[in-house]
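Working notes, structure below.
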Amino acid sequence: MVNREQLPPPTTKRRNISTNNNNTSSTSTIVPSRNQTTSAKMSTRQNYVFLGLAVLLAIVATVQSGPVSTTTQAEIYLSQFGYLPASARNPANGGLLDANTWTKAVQDFQSFAGLNVTGELDDETMRLMSMPRCGVRDKVGFGTDSRSKRYALQGSRWRVKALTYKISKYPKRLKRSDVDTEVAKAFSVWSEYTDLTFTPKASGPVHIEIKFVESEHGDGDAFDGVGGTLAHAFFPVFGGDAHFDDAEQWTVNSPRGTNLFQVAAHEFGHSLGLSHSDVRSALMAPFYRGYEPVFKLDTDDVLAIQALYGKKSTQNGNGLNPTSGGAFPRTTQRPAFTPPRAPRDDVICKDPKIDALFNSAEGQTYAFKGNKYYKLTENSIAEGYPKLIAEGWPGLPGDIDAAFTYKNGKTYFFKGTKYWRYNGRQMDGDYPKEISEGFTGIPDHLDAAMVWGGNGKIYFYKGSKFWRFDPLKRPPVKSSYPKPISNWEGLPNSLDAALQYTNGYTYFFKGDKYYRFNDRTFAVDSADPPFPRPSAHWWFGCKNTPSSTGVRKRG
């Protein structure tokens with residue numbers, strides 16, 4: 001167990017999501033460097049007006065490392081970990097909860113935690129709420145519960161099996177050599193049952209970056225000191241990084257303090273795409289159980305990791321510093337062509353120009369066009385789509401200009417001069433708002449927006465220019481912006497959509513074409529067939545459309 005969910009200030013929402021790997025946080029993302037971190041943790045009461053000068057993310061993040069002993073503290077806890085809507089995080093709103101919503105939230109927590117389901121805030125329930133735990137959410141998206149098995153997959157995974165990591169900041173109270181050893185052991189927990197390999201690097205871009213930090217550390221999800229939230233991690237779709245609270249007394253092979261190996265193994269489960277499990281004996285259960293001198297991965301954990309990455313094909317080695325590592329086919333490799341299922345309607349095939357494209361906190365990818373939206377699979381459109389935007393996101397208009405999901409798990413939609421913020425499919429209160437109010441320095445009538453994996457910052461595009469928005473800075477947009485889109489080598493002006501997809505690449509769309517951008521070279525990728533490529537064939541699975549090749553794996 002060990003982190004919290006990722007929400008705009010927090011980290012990335014990750015918990016209880018279906019074992020259906022339709023994705024992707026991701027999961028899932030991959031190689032680009034990313035300093036993303038997110039996790040929503042709280043306890044004491046701090047209101048983070050996160051993304052934007054005063055209102056942008058308006059998320060009340062409470063940091064409470066002390067025990068849960070009041071109804072208000074319990075409301076904050078249940079909101080933080082996905083059982084109540086975000087409005088409950090603000091103690092001032094506590095009285096607005098109706099009895100049925102409150103009782104259902106308590107029952108859901110009790111059921112997930114293996115307690116007697118009474119719906120009452122009894123002593124046993126408050127004791128468990130007071131335990132040190134992971135900061136990642138137990139439920140991703142208020143009002144959803146798509147678990148189809150005991151274990152839970154966040155929805156995203158890495159598309160390669162040979163992963164790299166680095167410890168960019170060590171704890172103050174442990175030897176570096178001990179930390180290196182414990183972190184390697186924690187990764188080996190997952191490589192023992194899969195073909196995943198983990199290679200440490202001293203510098204340069206890696207898949208998973210590890211830091212030991214205290215209090216506010218740049219991702220909007222401040223740590224709370226000793227106890228409470230011990231650590232948090234991002235799902236692959238949000239970068240996979242793991243942060244540990246350096247205020248904790250991290251220990252090695254000792255019942256004293258907090259065992260680094262056990263917490264790290266749990267957090268790395270999130271980094272690989274696993275959500276919290278409701279099996280109390282599972283490593284991926286959210287609560288810290290204390291030092292276990294004889295550690296063994298629970299069957300629930302094994303089934304979960306193998307659902308994402310398959311079973312181990314060899315018995316050699318421990319997964320560290322391999323001489324060879326298995327990898328999923330790169331997107332530039334193409335399997336034999338199989339005719340795609342045509343979309344339910346052919347509007348998007350006849351006119352593949354889209355309005356917006358984004359990954360949800362649950363790891364799904366959605367394309368918006370007019371008043372309809374499409375859920376995308378790895379190479380086509382999911383069965384039963386398109387659907388009406390107004391039905392999928394009540395209160396949201398059609399003809400959206402841009403959209404993205406931030407690290408806090410919130411999805412932001414932009415149209416004209418206004419923007420909307422959603423927690424899953426539920427609109428947050430007091431929206432829409434003016435873009436100038438929540439995103440100071442960003443223009444109206446945008447072309448595209450995304451959270452770039454290269455640095456975790458938000459990028460907005462309009463005409464021939466782009467803006468970088470950092471909600472942690474004041475002002476959030478530097479005076480050197482806007483800058484010309486030509487800085488992104490190979491991209492055209494007047495884009496339609498942008499996103500970092502679950503395979504780790506960044507994609508830009510214009511008209512009926514798309515571009516794959518290499519975050520390492522900071523240029524449009526060179527490939528065969530070349531970019532731009534037709535979106536209808538490669539993204540929407542349309543038949544009888546130009547493809548430049550007879551195969552159809554998205555790349």
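Quick reminder: no glycine exception, Cβ is built from N, Cα and C everywhere.
Curation plays no part in TrEMBL annotations; they are all automatic predictions.
Annotation note: Glu267 (active site) sits in a helical segment as assigned by DSSP. Per TrEMBL, active site is recorded for Glu267.
Summarising the annotation, TrEMBL assigns Zn(2+) 2 binding site to Cys134, His266, His270, His276, Met284. DSSP assigns Met284 (Zn(2+) 2 binding site) to coil in the three-state reduction, placing it in neither a helix nor a strand.
His232 (Zn(2+) 1 binding site) falls within a strand segment according to DSSP. What TrEMBL records for His217, Asp219, His232, His243 is Zn(2+) 1 binding site.
Around the Cβ of Glu248 (Ca(2+) 3 binding site), the same chain contributes Val226, Gly227, Leu230, Gly257, Thr258, each under 8 angstroms and 6 or more positions distant in sequence. Secondary structure at Glu248 (Ca(2+) 3 binding site), as computed by DSSP, is coil. Feature annotation from TrEMBL assigns Ca(2+) 3 binding site to Asp224, Gly225, Asp245, Glu248.
The Ca(2+) 2 binding site annotation in TrEMBL covers Gly239, Asp241.
If you look up TrEMBL, you'll see Asp246, Glu248 marked as Ca(2+) 1 binding site.
Following the DSSP three-state reduction, the secondary structure of Asp401 (Ca(2+) 4 binding site) is coil. Positions annotated as Ca(2+) 4 binding site by TrEMBL: Asp355, Asp401, Asp496.
Note: Ala449 (Ca(2+) 5 binding site) has non-local neighbours Ala402, Ala403, Phe404, Tyr412, Phe414, Ile458, Tyr459, Phe460, Tyr461, Ala498, i.e. same-chain residues 6+ apart with C-beta under 8 A of its own C-beta. The annotation Ca(2+) 5 binding site is assigned in TrEMBL to Ala403, Ala449.
The compositional bias 'Low complexity' feature in TrEMBL is assigned to 18-29.
Annotated compositional bias 'Polar residues' per TrEMBL: 30-39 (among others), in sequence order.
The compositional bias 'Polar residues' annotation in TrEMBL covers 315-335 (among others).
Per TrEMBL, domain 'Peptidase metallopeptidase' is recorded for 154-311. Per-residue pLDDT, averaged across the domain 'Peptidase metallopeptidase' (154-311), gives 89.
Among the features that TrEMBL reports, phosphotyrosine is placed at Tyr431. Secondary structure at Tyr431 (phosphotyrosine), taken from DSSP and collapsed to helix, strand or coil, is coil. Cβ neighbours of Tyr431 (phosphotyrosine) (same chain, under 8 Å, six or more residues apart in sequence): Gly395, Tyr419, Trp420, Arg421.
Residues or ranges marked as region 'Disordered' by TrEMBL: 1-39 (among others).
Look at TrEMBL and you will find 315-345 (among others) tagged as region 'Disordered'.
The transmembrane segment annotation in TrEMBL covers 48-66.
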Rounded distance in angstrom between the Cα atoms of His266 (Zn(2+) 2 binding site) and His232 (Zn(2+) 1 binding site):
10
The one of Cys134, Met284, Ala403 whose CB sees the fewest other CB atoms within 10 Å, among these binding-site residues:
Met284
For Cys134 (Zn(2+) 2 binding site) and Asp496 (Ca(2+) 4 binding site), what Cα-Cα distance in Å is obtained after rounding to a whole number?
38
Can you see whether DSSP assigns Gly225 (Ca(2+) 3 binding site) to helix, strand or coil?
coil
Fill in the CA-CA distance, Met284 (Zn(2+) 2 binding site) to His243 (Zn(2+) 1 binding site), as an integer in Å.
16
